[in-house]
Amino acid sequence: MGAIVLVALMALVASSSAFSDIEHNIMKLEGENIISSSSTPNDDQSSFSDGTSDMVESLFLNSGNRNLVLMMLSGRPQPNGRCIGDAQPCGFLVSDKGCCDPNYCSEYSKGKCICVPKGQPCGLLHFCCLDLTCDGYFNGTCK
């Protein structure tokens, strides 16, 4: 059953027009955990000088309970203003660009680039706004 879920998920990602040029890397880890990551290089270069890509899409599946545990779309600062700014539409149905740091996309497929303000919950996928830090890795507060 786990193999069927993985095949269906990979077919969905591979058939998406936004991901047609994406390189897929699949790694088998300890036990039944599978990590799949994809990246799309810039139009004019394959990656930035620091090796980061224009867009990163990560999936983490645990076939023990067959739940999608983590689905993340994140962006990095990009040269020439090629990232998506504050409160602008984002997600794989909207653009192949990621949000400018420290913003993240509020929804995987169609959201807005936002950051977590002071005093609000933050963590691994919910980044604090500039000049703020999260006091916990998974469950923290922006200070």
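Backbone N, Cα and C define each Cβ position, glycine as well.
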Bond partner of Cys83 - disulfide, per Swiss-Prot - picked from Cys100, Cys105:
Cys100
Scan Cys90, Cys122 and flag the one Swiss-Prot records as disulfide-linked to Cys105.
Cys90
State the disulphide partner of Cys134 as given in Swiss-Prot, choosing from Cys122, Cys129.
Cys122
Between Cys99, Cys129, which residue forms the disulfide that Swiss-Prot gives for Cys115?
Cys129
Would you mind reading off the Cα separation of Cys83 (disulfide bond) from Cys128 (disulfide bond), to the nearest angstrom?
18
When you rank Cys90, Cys113, Cys128, Cys129, Cys142 by Cα distance to Cys100 (disulfide bond), which of the disulfide-bonded residues ends up on top as the closest?
Cys113
Sorry to bug you, but what's the C-alpha spacing from Cys134 (disulfide bond) to Cys113 (disulfide bond), rounded to the closest Å?
18
Listed disulfide-bonded residues among Cys90, Cys99, Cys105, Cys142 whose Cα sits within 10 Å of Cys129 (disulfide bond):
Cys142
Using a 10 Å cut-off between Cα atoms, which of these disulfide-bonded residues sit near Cys105 (disulfide bond): Cys115, Cys122, Cys128, Cys142?
Cys115
